[in-house]
Every structure is written in structure tokens, then in C-alpha cells.
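All remarks here apply to the structure that follows.
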Amino acid sequence: MGQQCVECVQQGAKSVRQVKPLQQVRAWITWALIAVNVLVYTATVSDGVGGDVTGSQLFRELVLYLPWVAQGELWRTVTTGFLHLGLMHIAVNMLSLAMIGPGLERAFGGQRYAAIYGTALLGSSAAAMWLSPNAVVAGASGAIYGLLGAALVLSLRERLNPQTIIIVLLLNIGLSISLPGISLAGHMGGLLFGVLSAGALLYYREVCRGIGMPDLARKASTPWVLAAVVAALSVALIMAKVLAYAG
């Protein structure tokens, strides 16, 4: 995926301000996410029986399982994204995040990147709750699928060739379908909400024109409002499933 390094921006008729090239911007959020995932995994291994995280009390307190969420333990829809079932599981996910995340964080900026990641995580949990209500779900892969979706939206916005991203997505979807024990619903939910969140942040002008309110596109808050609507949709889906299950 191509990156454009902006060297300066116009500040007036006669002056320009130099800015850092994208490759020099630190991807703090990506590395913080990796660090938290590793710390949580280490804690669950230490708390488990013989290295089995499923025997960990901490794991049971944080994992996504609809009956427990329906008891009011809504934090599980977020904390599940920081749990992993084994060394290979976390290694693959963190390697993927390290490869995908920094470039996207630099391209979107830290705040927008965090918003996309968080929304994709919630969307992943919502999809898993609706489509796999009896499953115990753990892992960062739903949010990572969301980043892949955001990368696809970004490539289309910048008129770059999306072929590589599409191939990677198709390969990963194929693995999600063919391998046992993988939450396909969670992956697809993360992908969908990553696309929607990135679309809200990058295509807000087109959205405003589409709803007949082009003047809204001039407001700096508009992309954030649209992204918040997408995030609210993921929360609404979670709450709807909780209420349906409890009722």
C-alpha cells in the first residue's frame, strides 16, 4: 500500500511549515496494543493450570460468552480482544498487527486509527454474539480484520491498486472458513465495522452530499460524528442481543 509523505503545507501566500515525513511518525498506539496483548496473555498463562489459559480465572473474567455478557458483564465485549488461547494464536495476531498497524496508524493518525480499531473490536463482538451465541470467543483478530478493511477503504480513497489487500483478505477469509475453532462471524463483523468506520472518516463529504446536507462536510466534527454513529451501531447490536437473550 503506497504512502504519500507530505513535506510541507501552505500556511499563507508566502510561507510554508515543514512537517515530519510519515515514516518518522511513531506508531505508539500499535505498539501499545501489542504490549497490552502480550501482558494479558502472560498474566493468563501464569494464572492458568500448566500453561493452559482456559484454566485461568482472569481469562474467564475477560472472555466473550453471551450468557455472561447478558448478566451485565458488558466489559467482555472489549476485553475479549486482548485474550489469546495459546502461543501460536497470539504470535500470529501480534505479527499481523505489527505488519499492518504502523502504516495505517501513520496514514490515519493516532486518534482515527484508535477509533477504527475500537469500533472493529466492538463490531466483531456484536457479530459473534448474534451469529455464534453459544461460542466462547477470544482474540484480537476481529479488530485486525477491521484494520484490513480500513486499508482497503484507504487504498480506494487514494486511488491505489487494492489487489494485494483483496488477496490478503480472501486468503484470511478462506482460512477462517476452513480451519476449526475460528470465529468466522467475529472476523466478518470486525471487517465490516472496520470498513464502515474508515468509510465514515474518509468519505464523509460524499455521505453529506448523499443525504442532501453538503454544508455539514465543512465542519471539522462531521467525520467524527459519522464515526461515532458507526460505533454506536455496534453497541446497539450488542445491547439488542443482550436484551433478546435475557428476555
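The backbone N, Cα and C atoms fix where each Cβ goes, and this holds for glycine too.
These figures come from a predicted structure and were not determined experimentally.
Quick look at what TrEMBL lists:
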DOMAIN    72-202  domain 'Peptidase S54 rhomboid'
TRANSMEM  25-44  transmembrane segment
TRANSMEM  82-101  transmembrane segment
TRANSMEM  113-131  transmembrane segment
TRANSMEM  137-156  transmembrane segment
TRANSMEM  163-182  transmembrane segment
TRANSMEM  188-204  transmembrane segment
TRANSMEM  224-246  transmembrane segment
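Beyond its flanks by at least six residues, the transmembrane segment (188-204) meets 108, 112, 115-116, 119-128, 131, 141-150, 152-154, 157, 169, 173, 176, 217, 222-224, 226-227, 229-231, 233-234 of its own chain at Cβ-Cβ distances under 8 Å. Below 8 A, the CB atoms of the transmembrane segment (82-101) and the transmembrane segment (137-156) form 3+ pairs separated by six or more positions in the chain. With helix defined as DSSP H, G or I and strand as E or B, the domain 'Peptidase S54 rhomboid' (72-202) counts 103 helix, 1 strand, 27 coil. Within the same chain, residues 1, 33, 37, 59, 63-65, 80-85, 89, 93-94, 96-97, 100-101, 104, 107-108, 116-121, 123-125, 127-128, 162, 165-166, 168-169, 172, 183, 186-195, 197-199, 202-203 sit at least 6 positions outside the transmembrane segment (137-156) and bring their C-beta atoms closer than 8 Å to a C-beta of that stretch. Residues 1, 145, 148-149, 151-152, 155, 188, 191 of the same chain lie 6+ residues outside the transmembrane segment (163-182) yet bring a C-beta within less than 8 angstroms of a C-beta in it.
Beyond the transmembrane segment (224-246), the same-chain residues lying 6 or more positions past its ends with a Cβ under 8 Å from any Cβ of the stretch are 66-67, 69-70, 74, 77, 112, 115-116, 118-119, 122-123, 125-127, 129-130, 133, 193, 196-197, 200-201, 204, 207.
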